[in-house]
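Listed in Swiss-Prot for this protein:
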type	residues	note
DOMAIN	9-136	domain 'MsrB'
BINDING	CYS53, CYS56, CYS102, CYS105	Zn(2+) binding site
ACT_SITE	CYS125	active site, nucleophile
Amino acid sequence: MSTKIQKTDAEWKALLAEKGAEPVAFEVTRHAATERPFTGKYEDNYAQGTYRCICCDAELFDSSSKFDAGCGWPSFSQELNKGAIEEHVDRAHGMTRTETVCANCGAHLGHVFPDGPTPTGLRYCMNSASLDFKPK
């Protein structure tokens, strides 16, 4: 997408509070923090539905691509719509990883790794705090 949704930190905080987002959601989505493993509300959620960006409601993942990676964060094998997620090189913490962000608003979602199941071989390792689940 060519133009991302832009807001001030105060506007993002207000929007997330309005949505009833977890307190850590602002730090995760706007400052690339990571929630602690095995603490996110969607790690063990296997209901059918769609996972959206907590900040802008963009559809990111379908529950059919969710799997248990045993890593402590919700994991998906593919994005719902090509282009919904942007990838950037992340060299923080002495590692080189691929960061994932919402293409619509730039919210930090998590990271993608090349160790997932077939057919994609990818593991989108997401923070629950960056997601909002809409059941089918």
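Glycine too: its Cβ is placed from the backbone N, Cα and C atoms.
In sequence order, LYS4, ILE5, CYS53, CYS55, CYS56, ALA58 are the residues of the chain that are 6 or more apart from CYS105 (Zn(2+) binding site) and have a CB within less than 8 Å of its CB.
Within 10 Å of its Cβ, the residue among the recorded positions CYS56, CYS102, CYS125 with the fewest other Cβ atoms is CYS56.
Apart from CYS53, CYS56, CYS102, CYS105, the Zn(2+) site neighbourhood in this chain, defined by C-beta within 8 angstroms of the site C-beta centre, holds ILE5, THR29, ILE54, CYS55, ASP57, ALA58, ALA103, ASN104, GLY106, ALA107.
When Cβ atoms from all protein chains are considered, those within 10 Å of CYS53 (Zn(2+) binding site) total 24, not counting its own.
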